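**Q** From TrEMBL, here are the annotated features:
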type	residues	note
DOMAIN	51-273	domain 'Radical SAM core'
BINDING	C65, C69, C72	[4Fe-4S] cluster binding site
BINDING	S140	(3R)-3-methyl-D-ornithine binding site
BINDING	E165, R185	S-adenosyl-L-methionine binding site
Amino acid sequence: MLTTKSKSDTLDHVATASIPELKALLDSNDTHLEHELQVRAKTLAELQFGRRIYLRGLIEISNVCRNDCYYCGIRSGNERVTRYRLTADEVMSACERGYEIGFRTFVLQGGEDPYWRGERLVSLVRNIRTSYPECAITLSLGEMEYAEYEALFHAGANRYLLRHETYDKEHYESLHPSTMAQEHRLQALRDLKQIGYQVGTGVMIGSPGQTTAHLAQDLDFIHRLQPAMIGVGPFIPHEDTPLGTYPAGSLSMTLRFLALCRLLNPRALIPATTAVATLHPEGRLAAIRSGCNVVMPNLSPLNHRADYALYNNKVYSGSEAAEGVALLQAQLDTIGYQIDWGRGDAPAS
Ligand code: 5AD
C-alpha cells in the first residue's frame with residue numbers, strides 16, 4: 001500500500017511512475033489526492049495551451065457497421081437501429097455549415113461501413129481538402145489496411161482516431177466478437193503513425209470486466225505510443241446490446257484517468273467527450289478541470305443525430321451541438337476558459 005505521502009511524491013514524477021504506482025493512484029480513495037491530481041493536470045494543460053479549448057466539428061457519416069462490439073449501440077447485430085449513410089453532398093454541406101460557424105477541423109466518424117471505404121471515401125476526403133485547404137481533416141472510421149490509410153493520407157487526411165479500447169487481451173476479447181483481433185487494432189495504430197497521421201487512441205472507463213490494473217496498463221500503453229490525441233469517456237450501457245445491463249463507468253474514475261493522461265502526455269490533445277457530458281451535467285467542465293483541452297460539437301445533419309446512438313441518452317443538442325457554440329462559450333466563461341478557433345494541431349515535441 002502506498003501512503004498518502006508517497007502517492008503525493010508519485011505525482012511529482014508521474015511521467016516515470018511504474019504501472020503499480022499508477023494503479024495505486026487510480027485505486028486511492030483519498031479525495032485530497034484526487035483533487036491534487038486534477039489541479040496538477042489542469043495547470044499543466046494551461047501551461048501548454050493556455051485557458052483555451054479547441055473545437056472539432058463532428059460529422060457522423062454512417063451508422064452502418066460490419067462489427068458487432070458487445071458494448072456499442074450501432075453494432076451490426078442491433079436490428080433496432082434506423083441505419084443511415086450520409087451522401088457526399090450531405091457531408092460537404094455539413095462542412096460548409098461548420099466552416100461558416102468557424103470550425104477549422106472536421107472529424108468524419110462512422111461505423112465500419114463498406115460504403116464509405118475505398119475510392120468513394122478517398123474522393124470525399126480529396127473534395128474536402130480542395131474546398132478547405134486550411135482545415136484539418138480527422139478520420140475515425142475504424143480498422144483498415146495500410147494501403148487504404150495511406151491513400152486517405154495522400155488525399156488530404158491529417159489525423160486518425162482509433163481507440164484501442166483496452167490493452168488487456170483477455171478483456172479485449174470479452175468486449176468484442178472473435179472476428180475482431182486486438183493485434184489488428186494495435187497494428188493499425190502503428191501503421192497510422194508510420195504513415196504520418198496525428199494519431200489518437202483511448203479507452204472507455206468502466207467497461208464491464210475492467211479493473212484498475214487494466215487501466216494502469218492502458219495508461220502505460222498510451223504513454224509509450226505517444227499519441228497526438230487521447231479519447232477517453234465512461235462506458236455507458238445501451239439497452240439493445242449484450243452489455244446493456246451493466247452499470248455506467250464512474251465520473252470520478254474517468255476524471256482521474258483523464259488527469260493522469262494529461263500528466264503523462266503533456267502535449268496531447270484530450271477531448272472532454274460527449275460520453276462524459278452525457279454521464280453528468282457538469283461532466284464536460286469537470287473534464288476540462290482535469291486537463292482536457294478539446295470539445296467536439298456535433299455537426300451531423302439534425303435529422304440523423306438521434307440514430308448515431310452508441311449508448312443510451314447520448315446528448316447531441318445544446319452546447320453539444322455545433323449550433324450551440326455560444327452556449328458552450330457561456331459554460332466555458334464560468335471557469336475562465338475560451339474557445340480557440342484555430343486548427344489545433346498537436347504541438348511539436
Ligand atoms: N459507451 C461509451 N462509449 C462507447 N463507445 C462505443 N460504445 C460505447 C458505449 N456503450 C465508444 C468506443 C468507440 C467510440 C467511437 O465510442 O470507445 O471507440
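Keep in mind that glycine also has a Cβ here, set from the backbone N, Cα and C atoms.
Note that the structure is predicted; figures quoted are calculated from it, not measured.
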**Q** Determine, to the nearest whole angstrom, how far the Cα atom of C72 ([4Fe-4S] cluster binding site) is from the Cα atom of E165 (S-adenosyl-L-methionine binding site).
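**A** Distance between the two Cα atoms comes out at 12 Å.
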**Q** Note the Cβ centroid of C65, C69, C72, the recorded [4Fe-4S] cluster site, then list each other residue of that chain whose Cβ lies within 8 Å of it, in sequence.
**A** N67, D68, Y71, G73, I74, R75, S76, G111, L310
**Q** Which state, by DSSP, holds R185 (S-adenosyl-L-methionine binding site): helix, strand or coil?
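**A** For R185 (S-adenosyl-L-methionine binding site) - judged by DSSP and reduced to three states - the answer is helix.
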**Q** Among the binding-site residues C65, C72, R185, name every one whose Cβ is found under 6 angstroms from ligand 1, counting any of its atoms.
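**A** C72, in sequence order.
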**Q** So for C72 ([4Fe-4S] cluster binding site), how many other CB atoms are inside 10 Å of its CB?
**A** 22
**Q** Restricting to the chain of C65 ([4Fe-4S] cluster binding site) and a gap of 6 or more, list residues whose Cβ falls under 8 Å of its Cβ, or answer none.
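**A** When sequence neighbours closer than 6 are ignored, C65 ([4Fe-4S] cluster binding site) has C72, I74, R75, S76, G110, G111, E112, D113, G142 within Cβ distance under 8 Å.
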**Q** Check each residue in the chain of C69 ([4Fe-4S] cluster binding site) that is at least six apart in sequence and keep those whose C-beta is under 8 Å from its C-beta; list them in sequence order.
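**A** For C69 ([4Fe-4S] cluster binding site), the qualifying residues are R75, L175, H176, P177, M180.
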**Q** What's the number of neighbouring CB atoms sitting within 10 A of the CB on R185 (S-adenosyl-L-methionine binding site)?
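**A** So the number of other Cβ atoms within 10 Å of R185 (S-adenosyl-L-methionine binding site) is 18.
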**Q** Please report the Cα separation of S140 ((3R)-3-methyl-D-ornithine binding site) and E165 (S-adenosyl-L-methionine binding site) in Å, rounded to an integer.
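**A** Each residue's Cα considered, S140 ((3R)-3-methyl-D-ornithine binding site) and E165 (S-adenosyl-L-methionine binding site) end up 14 Å apart.
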